[in-house]
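Q: Sharing a structure below in structure tokens format, with a few things to ask.
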Amino acid sequence: MDQNTKWVLNIRVVLLLLLSHVTSALEVPLDLPQPPTITLQSPKDYIFDPRENIVIHCEAKGKPSPSFSWARNGTHFDVEKDSKVLMKPGSGTLVIDISGEKAEAYEGTYQCTAHNDHGTAVSNNFVIRQSRSPLWPKEHNEAITVQMGVPLVLMCRPPAGLPPPVIFWMDNNFQRLPLDKRVSQALNGDLYFSNVLPEDTRRDYICYARFPHTQTIQQKQPISVTVLDNSPERERRPGFMMPLGPTSTKMVLKGETLVLECIAEGLPTPEVQWQKDGAELPVSRMSFRNFNKMLKISDVNEADAGNYHCTATNILGAAHHTIKVTVKAAPFWVSAPRNLILAPNETGVLTCLVGGDPKPKITWFVNGFHIENAPEDHSRKVEGDTVILNNVQSGSSAVYQCNASNEFGYLMANAFVSVLAEPPRVLTPPNQVYQVITNNPALLPCATFGSPIPAITWFKDSQTSIKNGDTYVIHENGTLEIHVAQPLNSGKYTCIATNNLGIKENHIYLEVKESTRILKQPEYKVVQRGMSALFECKVKHDPSLVPNIMWLKDNGELPDHERFEVGTDSLTIKDVTDGDEGTYTCIVNTTLDKDSASAMLTVVEATPTPAIVYEKPDQPTDLELTDQTERSVRLTWIPGDNHNSPTQKFLIQYEDLLHQPGVWINLTEVDGTSTTAQLNLSPYVYYSFRVLALNEVGYSLPSQPSSQYRTNPAAPDENPSDVQGAGTEPNNLVISWTALTGFQSNGPGLVYKVQWRQKGVEEHWSSRTVANASQLVVTGTPTFVPYEIKVQAFNDYGNGPESEVVVGYSGEDLPETAPESVQVLVHNSTLAEIHWEPVSDSTVRGRLQGYKVYYRHNRTLQDAEEKDQQEQVLMFSGNRSEGRLPGLQPYSLYSLFIRVLNNKGEGPPSPIKTFETPEGVPGPPSFLDVIDRGLDSLTLKWGAPMDNNGRLAGYTLKYQPVNNTIELGPVQVMNLQANETSFTLENLNSSVLYKLYLSAKTIKGSGPTITEEAFTAMDSVHTQPPVETGKGPTEPPHPTSPITQSARPPFHKVLPVRPAFGTVNTSVSEDGAVISWEYFGHHKNVYVEYIVDNSKEDWKKELVNGSHSHLIRGLKPATSYRVRVVARDPVDPAVHSTDEVLVSVPAVPSRQVDIATQGWFIGLMCAIALLILVLLIVCFIKRNKGGKYPVKEKEDAHQDPEIQPMKEDDGTFGEYSDTEDHKPLKGSRTPSNGTVRRDESDDSLVDYGEGGDGQFNEDGSFIGQYSGKKEKDTHEGNESSEAPSPVNAMNSFV
């Protein structure tokens, strides 16, 4: 068949398929009349076991119930006449009892026929054969002797059986012979040796044949093989033992398994490889068996035909064999004929599309008779594989059979044509509830019947008509499929079946459930032996479903032990042992779905508990969107590890992939214990979500984005904000607003409807629609009149809410008139009050901002000519009629005018108005200097004030001494004439600091004071007494006006007649360095400055005003510092400083000093040494007198570990001669009770210690105690205690 013919056939097949779909068969309810339909039949080839009954199935249905008959070998088989044959009641199934009979008698070809009033259905032909397992023919096998290395074939040749037997080789012990690439069994059962070896020698090569049906095994006589090695075969190239020759052929039927075999001989043993001409081997359907000697390809199709090459290779060469494979096909269905239910006068088509190679022959039958022999029917037309029935009538029901056959087999199908007129009926039970898990397909059945075939329509919630589309598919049988079910798909569905005889509906309910998920999965645990292990398994499920949680260990049940505690969402294993290691699985089941998660448990030796490490949480995972609606969605996630810091909250962000891709925006936050959140959404947004976790350490990394969720467009929910109306020109109105963002637009095609009308004048709104703009300019408007304005958002899906009315104004113009009746009321020399008549609103021509007063200082009243002064402006906001002008200059002439101000600008000026200010107090004198100083006088010079503010009346001079304690003396006052600028103060004390105060005055009073300080000349015999620390000068009382510093520095500064500083002393204490000095100056600021010696750092300074001593704290031990005292004055550029002194801080400036360096300790040690020396002299004198002094005994009684007796041989002492044991030492004044009075000894230890008593025992050991205080009264010698470290030091000293 050429390609064009194939193409035409394929097109015809497609058209017929479409047509057959339109007239697809329906299940006819059994309460309606219908021809028979075969429902069950036996296979075409039936091989029976002679030990069992023969059962040939034939079942059929119909209305009325069909009757059955049989044919055997083409003739009628009268079942009732054979007592061994039984037909089951109500069925056509035959049961043949072959016990005691020859089974061969019932072999043959059988066919079943089912008949009722509306037609006849026919079964396939059943070929019934008895299984056979014949015995092996007797034979005598000659022993085989071969040389090592030659090829060998052991023949099996089993007897033919039905079905064919299974072949295998074993020995006498029923052990299978080992097979490898050298030794292999062929498909025909023969055993092939590519080359024999000595170990192949044996006498029991036995071929066995197992017959499947009878389960019997037949055995061939053993074959003996002896392999000689006296003349071994040389190595040789490969050659094929089977198949023989360079080529062979193989035919296989489509759909069967192709088995190709190549067995090669050679030495060494060759390797076999396969390939196909012009194509790759089909890997998915291909396998190699028998050590690559067999190639199997399953489910063969036409593409598997071609030349297959097997190649055998060893080190000496290769051998090739080609197998030419052809693929044929027994008949197979492309489209089998299907039952037709036709209404009267309808037309139907039966098609019998069959494939095969060779092409099958199509034969049509009606009610079991060849269609050519059937009663004539003018409505029937046969065209090859198609029967067309035109304008059928009642009573023309029949069963048609299509038989397709070729040399490899046949196909036969029954299809009835039932002519009925029946209104629709729904076969699916009503009000069924179907449940499905979110994101899974949902199938809602609507099985119907009717003639004509009813049309199926679906409605949701009894309102929305469902059409075929992306979401829904209505199948040919009426089933409604939802590809991906979502919560919004839940609800009531109505299926309506309609034909010309009536209508029928059925209700079905769909519930889309949330999926069951393990949110918190069990995690890998490493637990110390004896500790507890906790596996969590927190589950999220639909509230209406009850989950069942089960735990497994290593895919088996948990050990039945009380150590294993199963909670609602966890598994706890107490007192973990080594046997608890393994994989633990949490399985959650509901009636609709399940989920599972596993984790490993590893048990280790007990180790010290490591320190807890706190880190940021791991990012959440497994984001899932559920409960999806138009304006909301539920987001669920699995939290990450919190790393020992509890999660405080989760931050949910979204990305708008449509309007702002790449920008993540915070949406909401939920508590750290939550793993789900209901999110409110906006229309027309392509959402993608992510989650961040927060603990005390910080935020985690963001989770991976969720799947995209697109919300449908909708009308805008809001209108533009910040709507305003304000003109920029006198004849326009600019309407502006803040445009909606793409996120707020809710849909495509966003525009704005702008409306306006003059308030209180116009009744109808003017409008204009604009897009991609945020303002609109309306021209031709009156100047500054109010307008009502509205801006409403529209898009392709509707309009936003009704917009609010905003009042705006058209553009402003400059005011037309100036204020009138301007009056000035002068309050004092610096303040005036202005009054005016406000302008009318109509002349403002805009929004009144206020009134601007322009005023100018023309001149003072002392000046004859005007000066060019800068004009000043004061703004008075709002609708005012008065204002005040502060800060005027006294005794001056001013002029002013006023302008009205709106947003556009200023109006014309009012007429100029002038006024005068009265006199005021003058300013301070311009300077005050001491130009000469004597022993008892000071000569002063000053300058007139810069601002007289009137007619100058004179000056007031005050002065007072600053005594030795930095206290001010009595104030002396002098009044001077206005024309004086110098004066000499007489009868002053020498070497005294005087403070001077000078002010000018007019008739209004005195002005501010300037001050100066100066010393009179120093008397040669006068010395400056020290100034008491902490005292300083104070300002004198001033009854009339405050004393202030001069506004400008004096022109001359007279230096003191002697240095400001005298002697500087330093000392170092435990708290720091103490600096004291003499100071004779009058400067405002005095500092102590210090720096580390030889350092380049900046000087550190501490303010010490009014003091003559200062403690510098915080100095570093063992460090030298340079210190100086400095006096500075902000108005004096000169700096007065003492000479630098060097201060050394000791290495240990604290109380913890080395006792060996203390003076008191050295003195104490010297006294102790002197007393010991006296004691030695006394002992020496005693010894010369013959007396023994028991020093050793007394020391033993003392038990003082620090004081030990001294022996002569090591430089210490033993016993001393003593005839007067309890007498005081010669030359001492110690009384008999052992006490020493301070007034009796100038060399007492008390003088050297820090206090307390210094006492010795009779043996000369020191028992004094340091009490920390000195007392003149005596103490009892028997109240001594152990001496501390000074005694140890004494011993080392001696």
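Placed from the backbone N, Cα and C atoms, the Cβ positions cover glycine too.
Caution: TrEMBL annotation is automatic and unverified by curators.
Found this in TrEMBL, in case it helps:
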- 1-25: signal peptide (SIGNAL)
- 36-123: domain 'Ig-like' (DOMAIN)
- 137-224: domain 'Ig-like' (DOMAIN)
- 238-326: domain 'Ig-like' (DOMAIN)
- 331-418: domain 'Ig-like' (DOMAIN)
- 424-511: domain 'Ig-like' (DOMAIN)
- 516-602: domain 'Ig-like' (DOMAIN)
- 619-714: domain 'Fibronectin type-III' (DOMAIN)
- 703-728: region 'Disordered' (REGION)
- 719-813: domain 'Fibronectin type-III' (DOMAIN)
- 818-920: domain 'Fibronectin type-III' (DOMAIN)
- 924-1020: domain 'Fibronectin type-III' (DOMAIN)
- 1023-1049: region 'Disordered' (REGION)
- 1058-1148: domain 'Fibronectin type-III' (DOMAIN)
- 1160-1181: transmembrane segment (TRANSMEM)
- 1190-1294: region 'Disordered' (REGION)
- 1190-1210: compositional bias 'Basic and acidic residues' (COMPBIAS)
- 1268-1278: compositional bias 'Basic and acidic residues' (COMPBIAS)
- 1280-1294: compositional bias 'Polar residues' (COMPBIAS)
Q: Could you check if the domain 'Ig-like' (516-602) is in contact with the domain 'Fibronectin type-III' (619-714), meaning 3+ Cβ pairs under 8 Å among residue pairs at least 6 apart in sequence?
A: yes
Q: The domain 'Fibronectin type-III' (924-1020) vs the domain 'Fibronectin type-III' (1058-1148): three or more C-beta pairs under 8 Å (separation of 6 or more)?
A: yes
Q: Taking the domain 'Ig-like' (331-418) as the reference, which of 36-123, 137-224, 424-511, 719-813 gives the largest number of Cβ pairs under 8 angstroms?
A: 36-123
Q: Can you count helix, strand and coil residues in the domain 'Fibronectin type-III' (619-714) using DSSP?
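A: Helix/strand/coil tally for the domain 'Fibronectin type-III' (619-714): 0 helix, 50 strand, 46 coil.
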Q: How do the residues of the domain 'Ig-like' (516-602) split into helix, strand and coil according to DSSP?
A: 3 helix, 47 strand, 37 coil
Q: Restricting to the domain 'Ig-like' (238-326), report the mean pLDDT as a whole number.
A: 93
